[in-house]
Amino acid sequence: MKRMIALDGAQGEGGGQILRSALSLSMITGQPFTITSIRAGRAKPGLLRQHLTAVKAATEICGATVEGAELGSQRLLFRPGTVRGGEYRFAIGSAGSCTLVLQTVLPALWFADGPSRVEVSGGTDNPSAPPADFIRRVLEPLLAKIGIHQQTTLLRHGFYPAGGGVVATEVSPVASFNTLQLGERGNIVQMRGEVLLAGVPRHVAEREIATLAGSFSLHEQNIHNLPRDQGPGNTVSLEVESENITERFFVVGEKRVSAEVVAAQLVKEVKRYLASPAAVGEYLADQLVLPMALAGAGEFKVAHPSCHLLTNIAVVERFLPVRFGLIETDGVTRVSIE
């Protein structure tokens, strides 16, 4: 019998990332775990619908035995079974992030006995989670370089707080892993601004694009009007294509916050990224830790290592026989497998 791993959900960033990473790694390695103080660092601790959906999805995909899978629960025991490929559908029942549920189960399906398709309904444009376009345009091309082949499709938008969106991913088992090396970004090739609107006046998008264009030379300026029943909602994004990587940044609009302020938040975030030569942005760094650890080698450079990143590394090191090294030089941190 494999040893039980005990995790403290209050460590590091104290949010849902510890649970999601633990579920992924438990399914992959077959190691059971317990976690206490789930989301202790949040205003509303314990399992929310999004986290409970991730637990139930993991349970279905590998036939796990679970204790504590209830709304508001701050303790969970998870004993994984065998991961099975197939077609799966999960409904969050709120505007909780579809992509974070997918992030939990897809790594396990990289090791399944056949191809899979996973469809999740819930929120697609959430201020605290990567949107589907980030997964599709930024993360998945990098996963392909590692040898991981999956394809995400946004079937219907669902803005926070209404939800109602649908995201699906098709994934194939990994034949072999390659080493990812991401050092400096290189020269910028082009920058693309994009605004999504659903049930929001078009002038909001025009003002957001104007704010972006006032700070950056945009090669493309796209405004997409979505059906009203997919909103109300508004997301403004800026994609930076460089010689060695494509990064994408976004801000979700809020009620009673002007278009100019929303776009200015995005401008600030992109300028922070461009101020460093590092290829990898703060949020992408979180997503690369697990696939790089599974490959057993690789490195990337990030300007601003987040608490999420450090927490994710700590959880990965509990399940896998790998050790990460972080070396900071001139404001850039090199993250590598030692």
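Numbers here mean position along the shown chain, with the first residue as 1.
Quick reminder: no glycine exception, Cβ is built from N, Cα and C everywhere.
The feature ATP binding site is assigned by Swiss-Prot to Gln103, Tyr283, Leu284, Ala285, Asp286, Gln287, with sequence analysis given as support. Residues or ranges marked as active site, tele-AMP-histidine intermediate in Swiss-Prot (evidence: sequence analysis): His308.
Structure coloured by features recorded in Swiss-Prot.
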residue: Gln103; record: ATP binding site; CB count, 10 Å: 24
residue: Tyr283; record: ATP binding site; CB count, 10 Å: 21
residue: Leu284; record: ATP binding site; CB count, 10 Å: 23
residue: Ala285; record: ATP binding site; CB count, 10 Å: 26
residue: Asp286; record: ATP binding site; CB count, 10 Å: 25
residue: Gln287; record: ATP binding site; CB count, 10 Å: 21
residue: His308; record: active site, tele-AMP-histidine intermediate; CB count, 10 Å: 20
Rounded to the nearest angstrom, how far is the Cα of the residue listed as 'active site, tele-AMP-histidine intermediate' from the Cα of Gln287 (ATP binding site)? 10
Hey, how far is Tyr283 (ATP binding site) from His308 (active site, tele-AMP-histidine intermediate), Cα to Cα, in Å? 8
Looking only at Gln103, Tyr283, Leu284, Ala285, Asp286, Gln287, which the record lists for ATP, tell me the maximum pairwise CA distance in angstrom. 14
Separation of alpha carbons, the residue listed as 'active site, tele-AMP-histidine intermediate' and Asp286 (ATP binding site) (Å): 6
